Amino acid sequence: MSRNTEELQGISLLGNQKTRYPTGYAPEILEAFDNKHPDNDYFVKFVCPEFTSLCPMTGQPDFATIYIRYIPHIKMVESKSLKLYLFSFRNHGDFHEDCVNIIMKDLIALMDPKYIEVFGEFTPRGGIAIHPFANYGKAGTEFEALARKRLFEHDAQ
């Protein structure tokens, strides 16, 4: 059940030896491919331990591990494009909470998943660690209720 060339059209970054790293926020770099199992509900999880953004006030770097979990529908995010997209935040000035919500919204726009959650585990600055959590469940489905439930239980992980 290998993927054929036609199914891989639109994937341009994976395997490209001349990778160009974006110098600014670049949601357009995200690429998607078809989910071969849209009738199965399953989680895909990414752990991204090298996320960096800038404080919008001081310009100082902020570091985080970003956790992305989603239940795909028709489309899935290609991992190298996700890596480059997350790298594009390196020179982007935004608060931790904004970064997590932007990542979630960009991935929703790309994939239209059944469910998605993004959790940012930012390293402490000034003695305070900020851990924003954002999620979404497709309206009118069981995943809308899942999102509500997970929102209030996410700290129990």
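Each Cβ is built from the backbone N, Cα and C atoms, and glycine gets one as well.
The feature active site, thioimide intermediate is assigned by Swiss-Prot to Cys55. Annotated active site, proton donor per Swiss-Prot: Asp62, in sequence order. The substrate binding site annotation in Swiss-Prot covers Val77, Glu78, Ser79, His96, Glu97 and rests on sequence analysis.
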Protein Cβ atoms within 10 Å of Cys55 (active site, thioimide intermediate), excluding its own: 14
Substrate binding residues Val77, Glu78, Ser79, His96, Glu97: largest Cα-Cα distance, in Å and rounded to whole number: 24
Count the other Cβ atoms sitting within 10 Å of the Cβ of His96 (substrate binding site), across every protein chain shown. 19
In whole Å, how far does the CA atom of Ser79 (substrate binding site) lie from that of the residue listed as 'active site, proton donor'? 22
Translate the DSSP assignment of Val77 (substrate binding site) into the three-state scheme. strand
Neighbour count check, CB within 10 A, over recorded positions Asp62, Glu78, Glu97; minimum at Glu97
The rounded CA-CA distance in Å from His96 (substrate binding site) to Asp62 (active site, proton donor) is 8
Cα-Cα separation of Asp62 (active site, proton donor) and Cys55 (active site, thioimide intermediate), in Å? 7
Within its own chain, what residues at least 6 apart in sequence put their Cβ under 8 Å from the Cβ of Val77 (substrate binding site), listed in sequence order? Leu30, Glu31, Ala32, Leu107, Leu110, Met111
Ser79 (substrate binding site): tally of other CB atoms within 10 A of its CB: 14
